[in-house]
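Annotated features in TrEMBL:
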- 27-44: transmembrane segment (TRANSMEM)
- 56-77: transmembrane segment (TRANSMEM)
- 97-116: transmembrane segment (TRANSMEM)
- 128-153: transmembrane segment (TRANSMEM)
- 173-193: transmembrane segment (TRANSMEM)
- 178-265: domain 'DUF6534' (DOMAIN)
- 213-234: transmembrane segment (TRANSMEM)
- 240-260: transmembrane segment (TRANSMEM)
């Protein structure tokens, strides 16, 4: 009786250079999705009275990221379980053309448009927000082009090998545009918030904390986008970029939700004796950061007693 033949190619000794970044990328993706889930839960508890548009934006982005996580997990199951040891499956683009660049690019565009609106409210000028939207649109176009090119290539080896020039161009447009956009957002927010001088020390302290959050989130997304670009352009085109490529969308989603939820932290600091189970009604801290009203809010006397389900008048 003949032994069964195996037509699968032998696993090369350096396969970890391909599977390692892929596995780390999936683990990082799930970690960031966990953080995003926690942020959504905090938002749900803290701001039940937010505007319908704000809630639709927050929950819509979360559901979109949930869909991306499901698609990425299915791809991971196919590589590491269903097709374990099959190098042909490992080399397939599969659904990664959609989940990584296109879906991630869409979430990044939404987050950058969100920041553009906030800058428009702060500056009362349309020029800088228009530039931000232009860069965000260019970045999204690059992300879509990258996804389409990867889909047509069908093979990761072919895409990073014979079509490496296409990879370099579209990745440069996607990540380069995104990086420039994030830097402009962080710089603009810092400049406009700094101009909001106040005679009230606590207001100045709150503005400083908002500026710090803006710089931190903007710098993080810009650095990761730049890192993804650098990894994609390395000599011999290793697939190290797969560690961060599928996680960019979740970084932007977490960045946006951090801005939403930062109101709760600011309000808690303003009420030093508050209980940890407090809910922070959004009507007391305008989500658009209209700083002209912030001084008045901090000066006004509030008689509400706060419990977990909202304010109770006393």
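Cβ coordinates are placed from backbone N, Cα and C, and glycine is handled just like the others.
Since the structure is predicted, the reported quantities are computational estimates derived from the model, not experimental observations.
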Most Cβ pairs under 8 Å to the transmembrane segment (97-116), of 56-77, 213-234, 240-260, goes to 240-260
Sequence-distant contacts of the transmembrane segment (240-260), meaning Cβ under 8 Å and at least 6 residues beyond its ends, amount to 21-22, 24-26, 28-29, 32-33, 35-36, 39-40, 43, 47, 54, 57-58, 61-62, 65, 68, 72, 96, 99-101, 103-108, 110-112, 114-115, 118, 171, 178, 213-214, 217-218, 220-221, 224-225, 227-228, 231-232, 234, 287
Positions whose Cβ lies under 8 angstroms from the transmembrane segment (27-44), at least six residues beyond its ends
50, 58-59, 62, 65-66, 69, 72-73, 243-244, 246-247, 250-251, 253-254, 257-258, 260-261, 264
For the transmembrane segment (213-234), distant same-chain residues with Cβ under 8 A (at least six beyond the ends):
108, 167-168, 171-172, 175-176, 178-179, 182-183, 185-186, 189-190, 193, 240-241, 243-245, 247-248, 251-252, 255, 258-259, 262
On average, residues of the domain 'DUF6534' (178-265) score a pLDDT of 88
Residues in the domain 'DUF6534' (178-265) per DSSP class, helix first, strand next, coil last, are 74 helix, 0 strand, 14 coil
